[in-house]
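For reference, TrEMBL has these:
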BINDING   Asp60, Ala61  Ca(2+) binding site
BINDING   His348, His353, His528, Ile651  Fe cation binding site
DOMAIN    99-651  domain 'Lipoxygenase'
SITE      Trp84  site 'Essential for stabilizing binding to COTL1'
Amino acid sequence: MCTLDCDTDIWRPRHDPRSAALLEEDFEVKSPQDVGPVLLLRVHKAPPALPLLLGPLAPDAWFCRSFQLTPPRGSLLRFPAYQWLEGAGSLVLREGAAKVSWADHHPKLQQQRREELQARQEMYRWKTYQPGWPHCLDMETVKDLDLNTKYSVVKSTNLYLRAQSAFAELKIKGLLERKGSWRSLSEMEMVLNFQKTPATEYVFEHWQEDAFFASQFLNGLNPVLIHRCRRLPENFPVTDAMVAPVLGPGTSLQAELERGSLFLVDHGILSGVRTNVINGRPQFSAAPMTLLYQCPGHGLLLPLAIQLSQTPGPNSPIFLPSDDKWDWLLAKTWVRNADFSVHEALTHLLHTHLLSEVFVLATLRQLPHCHPLFKLLVPHTRYTLHINTLARELLITPKRVVDRSTGLGLRGFSELIQRSMEQLNYSVLCLPEDIRARGVEDIPGYYYRDDGMQIWGAVEHFVSEIIGIYYPSDVSVRDDSELQAWVWEIFSKGFLGRESSGLPSSLETREALVQYVTMVIFNCSAKHSAVGSGQFDYCAWMPNLPPSMQLPPPTSKGQASLEGFIATLPPVNASCDVIIALWLLSKEPGDQRPLGTYPEEHFTEEASRQSIAAFQSRLAQISQDIRVRNQGLVLPYTYLDPPLIESSISI
């Protein structure tokens with residue numbers, strides 16, 4: 001057995017074959033002799049032949065898709081690559097059949113795998129960005145990233161042009177640099193008109209309605225907090241008299257608790273969190289509790305009561321739908337502000353972006369390219385390191401968007417993430433367990449649950465088939481040292497070694513591996529789509545989801561007014577700053593890869609290809625069911641429609 005070396009000094013201008021197909025070329029290299037059974041294919045690339053003539057910016061990068069080897073005897077061998085080669089370098093490739101570590105007995109193969117992982121661990125290093133956060137990639141700017149993790153030219157250009165267009169439009173309107181408060185609600189429509197969608201118009205028309213307020217806990221930006229209430233918290237002293245106008249005669253709070261028709265949304269994690277200073281003015285936050293009621297018959301969800309702090313008393317009244325219009329609207333708006341903070345810091349940033357970066361880094365560092373789990377997970381790693389590095393440059397760093405324009409600022413975000421990390425549990429990341437734990441299996445009109453469970457099931461079935469192909473037994477899972485190193489690194493670097501998180505530090509069975517990999521794929525794709533794609537839809541009309549509040553929460557009733565309501569909302573420049581950011585983060589800037597698409601053929605075995613085809617068929621049926629259902633909805637729920645779900649966190 002030996003290694004076949006192929007050398008070439010041909011170079012081509014840098015291009016991205018995903019967007020410049022006309023520049024693709026095929027090359028044929030013939031070996032002068034039969035080398036026998038092939039273990040490895042080593043491809044060398046020399047630097048440009050004319051670097052002095054063309055200068056230091058001479059393009060010299062190749063994107064290598066795959067190689068095929070036709071031996072004199074035996075069948076065709078395929079070597080998937082899908083990697084960039086820049087400057088002088090080489091690729092060492094294994095034949096395409098996926099192999100786990102226990103299957104590689106040849107010393108040369110084992111040595112090659114060790115060298116591959118060592119090189120990638122040197123390239124993708126860990127660092128601590130903020131104390132108590134999951135660890136992340138040790139890179140300062142996107143310019144430092146290698147070509148295999150950077151955005152394509154198309155994606156980078158589109159994102160830059162969209163950002164410049166948005167800033168220019170709001171600057172021309174005189175809004176982007178205006179530090180004062182809004183003059184009226186109607187003036188805020190200038191931002192709404194910036195990029196109208198059917199969803200933004202629906203939010204604008206219905207944002208004051210109780211039913212729409214409640215529905216956002218099911219199908220809005222943060223559909224993961226609502227849970228069934230079986231017993232009222234002692235620090236939320238709602239009485240029968242308070243809620244009688246909504247519950248009606250013949251029932252009581254206790255009766256409804258027993259019937260299971262009451263739900264609670266508790267933003268208690270915000271209690272005492274530090275707040276920001278914007279334009280020289282201190283900002284304010286609340287830690288509200290919201291009681292919701294599912295009406296009998298039609299199942300409509302309505303708010304029953306809101307308390308804006310975790311400490312009841314004369315300075316923390318319980319607001320009710322029967323209160324004065326502006327008292328009740330202001331209380332609901334404080335809840336929406338709390339939801340903005342929890343969503344952006346935890347549900348979106350922590351649970352999807354930061355944890356998914358951990359999954360991506362561990363995959364790149366611990367799993368060889370020939371490993372079946374690498375082949376399974378690589379579509380879900382695409383561009384995640386780029387967008388997260390960009391976020392650390394432009395969003396979650398001092399004096400940038402989060403720090404200059406949100407009510408919590410970077411310090412508050414950091415504190416919130418640290419608190420959440422101490423409570424974070426594996427079950428929260430596994431949708432079926434999360435739904436059961438929150439007791440919301442049967443609440444009607446919960447499209448996030450319905451669509452998410454279908455997608456979870458499709459992913460789980462697909463993962464189970466792939467695992468079944470490559471892992472014949474539980475012992476094969478336990479004995480895969482690379483798999484175990486991958487799991488341990490996620491546990492230690494992502495969850496900081498907290499055993500109380502329930503996240504496994506090793507995997508012992510195929511069943512546990514299937515659940516774990518399903519969790520990774522779901523959170524890197526569907527979960528992010530559900531909590532990220534609608535940011536502009538729900539935030540474009542800023543009073544529906546204000547990023548900051550300039551006046552403190554009310555301590556009594558009867559004081560609210562339209563003027564006070566507007567004065568409480570964030571200033572003009574902060575509103576525009578956040579809305580532009582959320583617009584950019586809501587829409588993929590081209591070069592998309594929907595869930596279930598596999599243009600890069602890492603798997604070469606027929607059984608794996610059949611599983612991929614079956615997965616695509618299941619997703620197509622889920623999409624058809626969602627679209628039929630949405631035809632009957634006044635506000636269609638599209639965020640978990642499979643063709644609209646990006647395979648990875650790339651924006």
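Residue numbering: from 1, along the chain as shown.
Using the three backbone atoms N, Cα and C, a Cβ is placed for every residue, glycine included.
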Those same-chain residues, other than His348, His353, His528, Ile651, found with Cβ within 8 Å of the centroid of the Fe cation-site Cβ atoms are Leu349, Thr352, Ser356, Ile387, Val531, Gly532, Leu585, Ile649
What is the number of other Cβ atoms found within 10 Å of the Cβ of His353 (Fe cation binding site)? 22
Pairwise Cα distance for Trp84 (site 'Essential for stabilizing binding to COTL1')/Ile651 (Fe cation binding site) [Å, integer]: 22
Closest to Asp60 (Ca(2+) binding site): which of the binding-site residues His348, His353, Ile651, going by Cα position? Ile651
Taking only same-chain residues 6+ apart in sequence, whose CB is under 8 Å from that of Ile651 (Fe cation binding site), what do you get? Leu159, Tyr383, Ile387, Gly532, Leu584, Leu585, Lys587, Glu588, Pro589
Quick one: pull the CA-CA distance for His348 (Fe cation binding site) versus Ala61 (Ca(2+) binding site), whole Å only. 35
Validating a neighbour-count step here. Other CB atoms within 10 A of the CB of Ala61 (Ca(2+) binding site): how many? 17
I'm trying to understand the geometry here, so how far is the Cα atom of His353 (Fe cation binding site) from the Cα atom of Ala61 (Ca(2+) binding site), in Å to the nearest whole number? 29
Site of maximum Cβ density within 10 Å, from binding-site residues His348, His528: His528
Using a 10 Å radius around its CB, how many other CB atoms surround Trp84 (site 'Essential for stabilizing binding to COTL1')? 18
